[in-house]
Amino acid sequence: MKSVLYSYILFLSCIIINGRDVTPYAPSNGKCKDNEYKRHNLCCLSCPPGTYASRLCDSKTNTQCTPCGSGTFTSRNNHLPACLSCNGRCDSNQVETRSCNTTHNRICECSPGYYCILKGSSGCKACVSQTKCGIGYGVSGHTSAGDVICSPCGLGTYSRTVSSADKCEPVPSNTFNYIDVEINLYPVNDTSCTRTTTTGISESISTSELTITMNHKDCDPVFREEYFSVLNKVATSGFFTGENRYQNISKVCTLNFEIKCNNKGSSSKQLTKAKNDDGIMPHSETVTLVGDCLSSVDIYILYSNTNTQDYETDTISYHAGNVLDVDSHMPGSCDIHKLITNSKPTHFL
């Protein structure tokens, strides 16, 4: 209905233009008015936006204007022989910011996550995906073309998304982004072992003597490496995560350890915490020993917020037996011992 009414108004305007008691005239100063054009040294009326000149003026008759048809337009006063065609429909990675009508061309701009590589007189002609900043990086700005600039998150900030829009966020309080587990066992005679397998919910280290299994639930930091080293019948092993994911404080990261002797006994007992420096970080642990092959066991679990000035930590430890020192550390030069890892593991300071 609106388009019909608009066409009718344009039609009337054309009648008014052509019906005015104005005939082409010779300008006294050689110049025509803004809404006129010059033809054969005569000033003639231009057609208004939304119309075109179906017939140009002559010495006795002014310009005849006709409304633009569907899919065509003129956006200014003109004496064009036909209306201009509107741009085609926007691509899938674009949004239409202005539709085609008889007075305006269609305008397409890039959708969120894209930027323009080919601009036209009416919007963007071609868009491509913006760079996505990886975990640990955030959007810090944009190039002159509109692509994303990624910068590492600084101290006190973090990013756990792959995104072309997210900036680095302030580090959340009372949580952690790193878990380091150290397990000391005595006596251990067999230095042979196999690479740890990852199933998504558990990690395990197996030798001919024993099997260490850690089941984890609702833990956002991702366990990525593990190690096993034997020196003077003391095995030092453990698991640790990357530092690019923070624990969601609405969940409790739960670690359940089972240290099982493969050939000596089947009795089971659960250890109690020997040291409890845990604060309000969201975590929970259990440790179960199965069998009689070990006389001493130490377990240290460190939950850390490594991206703060004060390096916030919670430390949990378990101890059984009287041979191992509760403050013992992993050997500082583990690469000379039997080791399962892709790189030298970290250890407590």
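Using N, Cα and C of the backbone, Cβ positions are placed for all residues, glycine too.
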- Cys44: disulphide-bonded cysteine as recorded in Swiss-Prot, out of Cys57, Cys65, Cys68: Cys57
- Note on the structure: If you consult Swiss-Prot, the disulfide counterpart of Cys83 among Cys68, Cys90, Cys100 turns out to be Cys68
- Disulphide pairing with Cys32 per Swiss-Prot - partner from Cys43, Cys47: Cys43
- From Cys86, Cys90, Cys127, partner that Swiss-Prot gives for the disulfide involving Cys108: Cys90
- By CA distance, which of the recorded positions (Cys43, Cys90, Asn101, Asn189) lies nearest to Cys68 (disulfide bond)? Asn101
- Task: Let me know the most crowded of the disulfide-bonded residues, choosing from Cys57, Cys65, Cys83, Cys86, Cys90 and counting other Cβ atoms within 10 Å.
- Result: Cys65
- Item | Cys65 (disulfide bond) and Cys108 (disulfide bond), distance between Cα atoms, whole Å | 29
- Counting Cβ atoms within 10 Å of each Cβ, the densest environment among the glycosylation sites Asn101, Asn189, Asn248 belongs to Asn101
- So which of the disulfide-bonded residues is most packed in, judged by how many other Cβ atoms lie within 10 Å of its Cβ, out of Cys44, Cys47, Cys68, Cys108? Cys47
